[in-house]
Amino acid sequence: MHELGTRQRPLSSSSSSSSSSNMTDVSAAAGGATAPAETAATSSSASKPLTNGANKTSTAMAAPTTTPTTAATAAGAAEAGAIASVAGISNQVKLEHHHRQSNNNRPVAPYPPVPAAKPKPTPTPTAESKFKSTSREVDVALRPTPARSSTISPGVSIHTQTIQQESSSAKPGMSSSSSSAQQDVDEVARLFEEKPEAFEKWLTERAPPEALSRLQEFIESRKPLKRPSVTSDLFQQWMSASPTVQQKSPRSLSNSSASSTLPECRRHLMDLDEGELFMELIRDVANELDIDVLCHKILVNVGLLTHADRGSLFLAKGTPHNKYLVAKLFDVTQKTALKDAVTRASAEEIIIPFGIGIAGMVAQTKQMINIKEAYKDARFNCEIDLKTGYKTNAILCMPICNYEGDIIGVAQIINKTNGCMEFDEHDVEIFRRYLTFCGIGIQNAQLFEMSVQEYRRNQILLNLARSIFEEQNNLECLVTKIMTEARELLNCERCSVFLVDLDCCEASHLEKIIEKPNQPEQRPTRAIMPGDSFDEKKMRNRFTVLFELGGEYQAASVSRPSKTELSTSTLAQIAQFVATTGQTVNICDVHEWVRDHNQIRAESEIDSTQAILCMPIVNAQKIVIGVAQLINKANGVPFTESDASIFEAFAIFCGLGIHNTQMYENACKLMAKQKVALECLSYHATASQDQTEKLTQDAIAEAESYNLYSFTFTDFELVDDDTCRAVLRMFLQCNLVSQFQIPYDVLCRWVLSVRKNYRPVKYHNWRHALNVAQTMFAMLKTGKMERFMTDLEILGLLVACLCHDLDHRGTNNAFQTKTESPLAILYTTSTMEHHHFDQCVMILNSEGNNIFQPRTTRTFLLLARRFLRFDLLPFRAFTRALRPLVRPLLELDVLELPDPSRIFLLTVYLRLVTRTIFLPPPEDEEEEDEVEDSVVLVVASVVVVVAVAASVVLKAELDVEALSPEDYRSVMKTVESAILSTDLAMYFKKRNAFLELVENGEFDWQGEEKKDLLCGMMMTACDVSAIAKPWEVQHKVAKLVADEFFDQGDLEKLQLNTQPVAMMDRERKDELPKMQVGFIDVICLPLYRVLCDTFPWITPLYEGTLENRRNWQDLAEKVEMGLTWIDHDTIDKPVEEFAGCADEEIKDIEFTVTTLNCNQQAQHGAGAGGDDSHTPEHQRSGSRLSMKKTGALGKAVRSKLSKTLYNSMDGSKPKTSLKLLESHVSEDMDDKSPTSPSQPPHAGGSVGRMSASSSTSSAGTVVDKSKKRSKLCSLL
């Protein structure tokens, strides 16, 4: 029955007809002891739904046959009978329940509603049988039924509701009462509450599918905050894969089943008055979201309201400048089924432009048109009548507007069916009022349809995004999938993708990929006008691959079109136009567009082409890498702006997919090239065998001969080979070779390889690594810090010191970041340090360089070499039999043997091969045949088993002292942490934590975090240990560091066009002493001071740094006064020579430049200076008088002094130069005298000592120091 006929409303308590109807229902349920009129009313109510119209009809029919008195009597009797029957039923329920409880094992017969014959005994039902027999009642109980109001007592109302539920849900053959059914349900429910596992078992094993579905519906209906929305069940149904026509709303599913029953379902609506019918029809379309179902309901309901014969509904489509009407449903009558109407409209789509025809005029003017005689109106088109044979008399056409007043459709009804020849004003008013509500419903349905389309689009785009990662190694599959999705979503006939040949497929494109892409620019989508043109010279043969996808059942094709095919194909020329201009083209008429563009030749392939949508495909750099093309929509209409928007998303994903695939191919190529480069690098980075053998055979001197235990070690006197021998001595002296069973040749090869991988830069070279490693060795041995370290940690620290600057390029991390070098891209933090560690790992992984390899493998290699020397295989037949047994073990690894076993068997196999090749052939072939095959096989098998067992046993014995995997990971972790700690940024991060531990008196450094902090501080102390070397070593090393920094500054000026910092600016080289003092105060002295406080055995590092600070401070002050220039190759002569003096005058003078107040030094003597020399420089008072501060050495004097010194280099006039110097200094010294001559002299560290005559010094000539100083002062 139709939904409108089954809709029930709450009955009014004041309605007499409603009370009468309820009473008759109760009487019928009680047994029928009522008057015939009541029985008739009961039967009428049972056969017809309880609607207002039905109640009115039944009352009207009963009125002529009864008088008022009779009716009142009948009503009273009915009410009394109802009360009595209810009381009887209540007692019957109590008795039956008591009987079931008192005798639960005997058969129980249901009590009839009225006295009847003796009931037939039945067996006692179990809980499971009750649930099976009452599954329909359970279903009724699970369904939420709204309560109905009534004027009767609550018990009667509930019973009435139960009877209505039973009468509406039970089949005609059911004989069980509602009370007994309810009791069965309650009993089964109690059983399931007591034993929920039984209920779960029944649901999983024996529940029928329909019961599970109803239960699921009930659970879903009980969810809180359930309201109709885009996330409702209807929306979920719509989003399924079924076609839209099959997605009916729940209220319309029963309506479209059979067209013959449709008039019967709606016949009861004729009994409603006009107002109720109008509201009922509005409710019918209010919540409908299926646009097809909604339009069908609108036409059917309008025909019912206006008594029209048939109707049509048109929806507005197109752009604001090109609107037209599309017939959604056409000629729908009261008997037309939904499926037939939709099928007929889809088969022949009717398009009416605005302003054409009756519907077009209504859409354009927004005014209603009521035609009384259609054939007399010039706007009427009678062609449809001629085709169908139907005669149109009256037409009423009215616009459908949204809430803003815009036209969204037009509704048209034809011919009246109630005998009238035309539509009157009443019909027009009803039509207008109803379409007002229909406009709201149509717009909601369209919005819902758009949301569904958007959801489908998003799902497709998500699938495409997923496909980009799934098909990144197969471009053909990826493009085919994208084209298939685009063709199905946009409903077009063909789809093509043209790919452009770019250099992005080459590995050299990697630098372009690394660059950050700019923001993508928006490209407007517009239709190509006839006046648009382009330069024919810009069209080039750029397409190399063409993907084509035809109809639904056609497979995709991939081809490489030739130049001739591209030049003769119209579609290809249009694609070239898009690739050249970078614009999206939407061609409505291809033939007209080709005629307007003379450069493009029209071919026969466009005869069947009507519309084309063509769009460029760009990559991240906004470079056109292809063109996507859609051809002909399935319904023959042009591509809309919405189609272009959707297609743009496909083009973007296509570009992403193509770009990603190309980058994946490039990455594969680069990885292959990287493997080749690493192989070549590993070969060239490894030391040669000749060098390794030579170093292996060299004698290694003792550590004392290399001065390895001293903190004053210098490498200036060592040749390159001696540096390698010194490294080997450190490993031997720490007992690392014997402790970890490191093969001596492997260690030699590794040392030579490490030296080979250092670049010949000025400071961060192999000798710097040697000095760092020697300082670590001295700290461990002389500084007694090895007692805080394990042997494994000592090994890791020495390896880290030697490898901490591998492949250093002479530039720091900041320079790598500024220039955006590949290293800076590869490592974001501690760039060079990570690279040094990677180089260290690369060398260790090179063949023959892994000093951390397990001992068992090396042992079995030695066993293999020894095995080859013995002659264990006397028979040729034996070798032939044993060889096929050993070879599968080596190739297939059937026994899953460990590495030593495989090596041992490989040795056996090699021995068999060599014996087979080099053994002379037997003199007597028959003697060889005498050996039985079975004996040979048995002996060969025994040899294999023994070899495997022996290798396993030997491995178990030798693994005791091997470097286990845990030890290997531990030593590699130590090496990595130590190398990264040489980054001063890491030092500053760890320094505060280390200082806190030292200040708290920490003495246990065995924890993992504390040990890591200690190792990091030790690595930094070793890395900057050149600052603690003797002054004659330190100032040379400082000059090397400065030169390397100056080279980086030159690169910054040249490449980056920026001004470098002071320490890297060659023009500010005179500030080097001052910068050295700052470096010592900020980094070196605090580090060495805290280390000395904790480990007093390394005090020489602190003292040497303090001494060098005094020297740098003095030199910095002399630079400020102009007495020296930092422009030599090395700073071994910080003060200029007095080349103008005669040799005989300075023959025995040892120039000692300490301070400029030489007279005070002469007065106080060496004792005062010696006492003060032990006081740290930065702790002394600033009482020392400087000629710079007093102005004793003016600018003019310094200029003349400079000229005198440099002009006297040739020694032509030494005496004159000396006198000139003396006169200038004396004049200036007389003008400015010291303010406090009694102050103690400043004991800054001596900058250097220069002997004027080495022969005199060697002869042992004794010179008075005070006399020397006096002579020097007299010269000044």
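Start at 1 and count along the chain as shown; that gives each residue its number.
Cβ coordinates come from backbone N, Cα and C, glycine included.
As recorded in Swiss-Prot:
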REGION    1-76  region 'Disordered'
COMPBIAS  12-47  compositional bias 'Low complexity'
COMPBIAS  57-76  compositional bias 'Low complexity'
REGION    91-185  region 'Disordered'
COMPBIAS  109-124  compositional bias 'Pro residues'
COMPBIAS  129-140  compositional bias 'Basic and acidic residues'
COMPBIAS  147-166  compositional bias 'Polar residues'
COMPBIAS  167-180  compositional bias 'Low complexity'
REGION    241-260  region 'Disordered'
COMPBIAS  249-260  compositional bias 'Low complexity'
DOMAIN    290-442  domain 'GAF 1'
DOMAIN    474-658  domain 'GAF 2'
DOMAIN    688-1119  domain 'PDEase'
BINDING   HIS768, HIS804, ASP805, ASP1023  divalent metal cation 1 binding site
REGION    1162-1193  region 'Disordered'
COMPBIAS  1171-1180  compositional bias 'Basic and acidic residues'
REGION    1205-1276  region 'Disordered'
COMPBIAS  1221-1233  compositional bias 'Basic and acidic residues'
COMPBIAS  1248-1263  compositional bias 'Low complexity'
COMPBIAS  1266-1276  compositional bias 'Basic residues'
MOD_RES   CYS1273  cysteine methyl ester
Spatial neighbours, same chain, of ASP1023 (divalent metal cation 1 binding site) - Cβ under 8 Å, 6+ residues apart: VAL772, HIS804, THR982
Sparsest-packed of the listed binding-site residues (HIS768, HIS804, ASP805) - C-beta count within 10 angstroms: HIS768
Residues within 8 Å of the HIS768, HIS804, ASP805, ASP1023 Cβ centre (excluding the divalent metal cation 1 site residues themselves): HIS764, ALA769, VAL772, CYS801, HIS808, THR982
Mean predicted confidence [pLDDT] for the domain 'GAF 2' (474-658): 74
DSSP-derived class (H/G/I helix, E/B strand, else coil) of ASP805 (divalent metal cation 1 binding site): coil
